[in-house]
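What follows is a short report on a single structure.
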Protein chains: 2
Amino acid sequence: MATGRTHRPATRSRGIPEATVARLPLYLRALTALSERSVPTVSSEELAAAAGVNSAKLRKDFSYLGSYGTRGVGYDVEYLVYQISRELGLTQDWPVVIVGIGNLGAALANYGGFASRGFRVAALIDADPAMAGQPVAGMPVQHTDDLESIISDNGVSIGVISTPAGAAQQVCDRLVAAGVTSILNFAPTVLSVPDGVDVRKVDLSIELQILAFHEQRKAGEDVAEAAAVVPSAARAVAEAAADSSASVDGDGSGDSRKGPDGDVPAVMPA
Amino acid sequence: MATGRTHRPATRSRGIPEATVARLPLYLRALTALSERSVPTVSSEELAAAAGVNSAKLRKDFSYLGSYGTRGVGYDVEYLVYQISRELGLTQDWPVVIVGIGNLGAALANYGGFASRGFRVAALIDADPAMAGQPVAGMPVQHTDDLESIISDNGVSIGVISTPAGAAQQVCDRLVAAGVTSILNFAPTVLSVPDGVDVRKVDLSIELQILAFHEQRKAGEDVAEAAAVVPSAARAVAEAAADSSASVDGDGSGDSRKGPDGDVPAVMPA
DNA sequence: ATGTCTTTGTGAACGCGTGCACAAAGATGG
DNA sequence: CCATCTTTGTGCACGCGTTCACAAAGACAT
């Protein structure tokens, strides 16, 4: 899972709880699989199992959309697929731009899941002039200079940022100024956006750290905190390389980079 | 955001709420940035702003770790970096294996964020015999046949799955059987694991769908208002065909995992 | 020392999300 | 038409997470 939303305090969009919205895609996926197998109806119990959730929760989620089930029988698969698709806005076309075509950006461009349900990669944008015109996923990469015109010409309202952290906010600002109102951010940075703009964040590093926490807990439950603590080590590393302004690798996304996301160097614990 | 945890009902691990644990990496990143700029202390207000959270929330989060601040002054940056690192288990080495070296897997292997904070890519594993031995991110890809020995030889407890959906559960089972107890899953499938194994899911498609929901809602509400900033938004409201557009992308390859692009398809396993 | 000022740490209230448990609704069979 | 069985839809209670608001604690100046 991506690591959570950013904005949107407690907005229950049209009565549908945020937690429910986050599960609708899950249900949709399970339903689509059933649809392909020509299963006509499904019970809340079966569908819940397929989606990996509680059946009561699933029924309550569906109750927010309306009463689409038949008691004693279950839910009509096709009908539910359509209703959820419509509710999520997947019955319309969503042009998407990906900014930052490094390793991750290229992987996203090739990702089949994007092209499926209503999402269409309208353009790939990178700041590296050497990449301009080069085909990635059968589509020529365009230069950042044309970002604004690309957005407006294609009516893009959803942008994906897979640049290094240093460039993310700048790219974000330009996207928003050009009319983008939803952003999926892969760069390890907190983006600040004006009201009315949604930001969702996917942070690979954070996911791993959360796993590490639980892993440590599992391993350390029986054993008594066996950790060689050397706080001075971390302190020493931190002192090094403390230059003035943040290392602005301006465009990034070039060959010279090592990763798609220039992560903030961390303390390297021994 | 990666889309959330899977297991672990309401386990307040050692008194630290799950929501707090999920924010600790965020604080750590902000603190590390401050540390590099040699900032000695920081107030909860400043740090909260840098991490993009509420200051009261941040203080409460830190209160679960202990009283590490000084009233009237703030928090010692270096000390806090160390405390959070230790709490998250980043003071020790975490060997990680990545299974499924397609576009996404390769991007993950190159991802700098993995190598930073204590995580070390111990091995890259793929089922394609043609990939065996080929270098990715300066490391030879190994074949799935050796999965078990790789896990045990390196003492791996964290596995990353970036295979197609059809292969994910099978890979997951083997990882768990070999001793892995934490899994970061990029495949669009619900993984079932025994108790004691943590699974976190990152689902790009779901994130986009959630954004689309809010985007549609914004577009529907703004009809009345005159948000003249985005003229292109209204144009996008072209009703798409309401037929069985839910039919997914081709590629019903099913069993044969890695496709031409070897990336994660949006299809569910049967 | 004493007062003032800043900032932490936390008690308490509130709201959201979850899960239980059950009544209502409809299918099914005789 | 009635009885029975299955499954939905939801009222309710509970727990987690968030936020407010403030007292306690320490720094700092006089």
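A Cβ is built for glycine as well, from the same backbone N, Cα and C atoms used for every other residue.
The DNA-binding region feature in TrEMBL is assigned to B:26-65. Tertiary proximity for the DNA-binding region (B:26-65) is limited to same-chain residues at least six positions away from its ends with a CB under 8 Å from its CB atoms, namely 15-17, 20, 73-78, 80-81, 83-85, 87-88, 90, 117.
What TrEMBL records for B:GLY100, B:ILE101, B:GLY102, B:ASN103, B:LEU104, B:GLY105 is NAD(+) binding site. When Cβ atoms from all protein chains are considered, those within 10 Å of B:GLY102 (NAD(+) binding site) total 26, not counting its own. The DSSP secondary structure for B:GLY102 (NAD(+) binding site) is coil.
What TrEMBL records for B:240-250 is compositional bias 'Low complexity'.
If you look up TrEMBL, you'll see B:89-190 marked as domain 'CoA-binding'.
As annotated by TrEMBL, region 'Disordered' applies to B:240-270.
Among the binding-site residues B:GLY100, B:ILE101, B:ASN103, B:LEU104, the ones with a Cβ under 8 Å from a Cβ of chain A are B:ASN103, B:LEU104.
Within 10 Å of the C-beta of B:LEU104 (NAD(+) binding site) there are 28 other C-beta atoms, taking all protein chains into account. Across the DNA-binding region (B:26-65), DSSP helix (H, G, I), strand (E, B) and coil residues number 30 helix, 2 strand, 8 coil.
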